[in-house]
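Enquirer: Pulled these features from TrEMBL for this protein:
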type	residues	note
REGION	74-95	region 'Disordered'
COMPBIAS	74-83	compositional bias 'Basic and acidic residues'
TRANSMEM	104-123	transmembrane segment
DOMAIN	110-263	domain 'EamA'
TRANSMEM	135-157	transmembrane segment
TRANSMEM	191-210	transmembrane segment
TRANSMEM	222-240	transmembrane segment
TRANSMEM	246-265	transmembrane segment
TRANSMEM	272-293	transmembrane segment
TRANSMEM	305-329	transmembrane segment
TRANSMEM	341-360	transmembrane segment
TRANSMEM	366-386	transmembrane segment
TRANSMEM	393-415	transmembrane segment
REGION	438-462	region 'Disordered'
COMPBIAS	442-455	compositional bias 'Polar residues'
Amino acid sequence: MISTEGPESEGDQPCFRLEPLKTHLPGKAGDSHFLFGDLDTPSTVTANGVQDIEDRILRITGYYGYFPGYSSHRREEGSESHADTPGSETSEEGTSYQTCANTVLKVLGGLLLVLCVSSSWVGTTQLVQLTFKSFSCPFFISWFSTNWTILLFPLYYGGHVVTTRDKQTPIQKFRECSRLFGEDGMTLKLFLKRTAPFSILWTLTNYLYLLALRKLTATDVSALYCCHKAFVFLLSWIVLKDRFMGVRIVAAIMAITGIVMMAYADGFHGDSIIGVALAVGSASTSALYKVLFKMFLGSANLGEVAHFLSTMGVFNLIFISFIPLILYFTKVEHWGSLSSLPWGYLCGLAGLWLVFNILVNVGVVLTYPILISIGTLLSVPGNAVVDVLKHEVIFSVVRLAATCIICLGFLLLLLPEEWDSVTLRFLAAFKKPEEHGEELTDSSIHTRSRSQANGAVSIPMA
């Protein structure tokens with residue numbers, strides 16, 4: 001289609017442009033009249049006697065939907081579309097407002113979750129030390145608390161029934177979450193092959209952590225356990241070939257420095273060095289557990305994690321129950337009769353441990369994972385406050401310095417991989433206004449010099 005851009009002024013040459021040609025099928029009654037019937041009507045003549053090219057060509061070619069004044073109608077539609085722009089802007093503003101509101105709610109929920117995570121971990125650590133005063137059997141405590149993880153999948157299924165309209169039976173949901181083990185679901189071979197190493201690492205992590213609490217204060221153990229973040233980075237860099245980051249290497253060095261300073265605080269002898277070794281061993285097995293989970297099982301959703309932890313609880317109940325019996329008969333951990341056990345402390349400890357695991361796994365789905373890590377880090381000052389106020393612990397300068405170094409290294413490990421590029425863009429945003437001002441100054445200087453070269457004289461105002 002050839003048409004003019006708009007009405008031609010007197011003396012201007014017509015300007016043509018190509019538009020898509022829309023043809024019509026021949027043989028229709030209305031088409032013949034539309035194509036040729038209008039040719040008998042007198043054509044419009046402009047002021048200088050030149051026929052209106054636009055109307056004539058539109059009638060001859062049969063442009064679909066053409067009627068006299070078509071181009072003016074198109075302009076009116078354009079103006080109406082521009083008039084509707086404020087409404088679209090209002091809808092966009094509403095959408096952006098809703099997005100901001102959702103982000104704010106997510107952050108506020110994350111902050112509340114941070115407090116809950118740190119409180120549950122502080123309560124768990126302090127309750128362990130209270131339990132040790134009347135019942136010093138760390139492996140039995142670890143075994144008993146791990147058995148409670150069997151409840152995770154039933155609790156997840158209960159939440160699924162309450163929050164979802166399309167409800168599935170427990171068997172269907174169990175099979176769906178079993179895809180974490182493979183496309184064929186969970187078989188006995190996969191159950192033993194995948195669950196056994198993770199269950200052993202889980203048990204070692206908890207057992208070594210409880211042994212360290214018998215030697216050190218809760219503040220020292222929780223601070224040393226934060227080194228697992230540095231170990232995760234080192235193992236991921238070596239085994240999983242993750243991206244190398246210099247700042248994380250610095251954080252790992254800071255964590256190792258804090259460990260050495262913590263051991264040096266009491267002169268590398270006595271229970272202190274043993275407690276430090278046990279806490280570092282717990283952090284190491286925890287890091288190995290997380291790296292192997294990422295290697296073999298990859299990323300899992302909330303249902304798959306609940307299924308996996310419940311499966312580990314079942315494995316712990318069936319295959320690891322003989323170890324507490326061996327420790328009991330060898331008098332390594334002797335607890336007397338079942339009625340004499342501090343069931344209140346044990347159930348409270350296992351319940352807090354279960355709540356901590358639920359908050360960590362649910363929080364990763366509902367809010368930002370970095371907030372969960374910060375919640376774990378806040379357990380260090382939380383335990384320090386309880387140790388000072390309740391247990392009247394006096395921290396040496398070396399221990400405080402070691403704790404601060406480890407916590408600072410933990411914060412550096414939370415930096416995202418693109419933190420350097422983000423920082424450069426942030427700094428560039430501040431430099432742009434200054435550079436723009438410099439460009440304006442340079443342009444004014446060039447303009448002034450050019451005007452002086454052209455003979456313009458600036459007259460100063462009085």
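Each Cβ is built from the backbone N, Cα and C atoms, and glycine gets one as well.
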Enquirer: Please work out whether the transmembrane segment (272-293) lies in contact with the transmembrane segment (341-360), by counting C-beta pairs under 8 angstroms that are 6 or more apart in sequence and asking whether there are at least 3.
Expert: no
Enquirer: Return the average pLDDT for the domain 'EamA' (110-263) as a whole number.
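Expert: Across the domain 'EamA' (110-263), the average pLDDT comes out at 90.
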Enquirer: Tell me whether the transmembrane segment (104-123) sits in contact with the transmembrane segment (341-360), defined here as at least 3 Cβ pairs under 8 Å among residues 6 or more apart in sequence.
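Expert: Result for the transmembrane segment (104-123) with the transmembrane segment (341-360) is yes.
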Enquirer: Should anything in the same chain at least six residues away from the transmembrane segment (246-265) have a Cβ under 8 Å from its Cβ atoms, list it; otherwise answer none.
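Expert: Residues packing against the transmembrane segment (246-265) from afar: 220, 223-224, 226-227, 229-231, 233-234, 272-273, 276, 280, 396, 398-399, 401-403, 405-406, 408-410, 412-413, 415, 419.
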Enquirer: Name the range, of those listed as 135-157, 191-210, 366-386, that has the largest tally of Cβ pairs under 8 Å with the transmembrane segment (341-360).
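Expert: When the Cβ pairs under 8 Å are tallied, 135-157 comes out ahead.
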Enquirer: Go through the chain and flag residues at least 6 beyond the ends of the transmembrane segment (366-386) whose CB is under 8 A from any CB in it; none is fine as an answer.
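Expert: 106-107, 109-111, 113-119, 121-122, 125-126, 217-219, 222-223, 226, 229, 359-360, 395, 403, 407, 410-411, 414.
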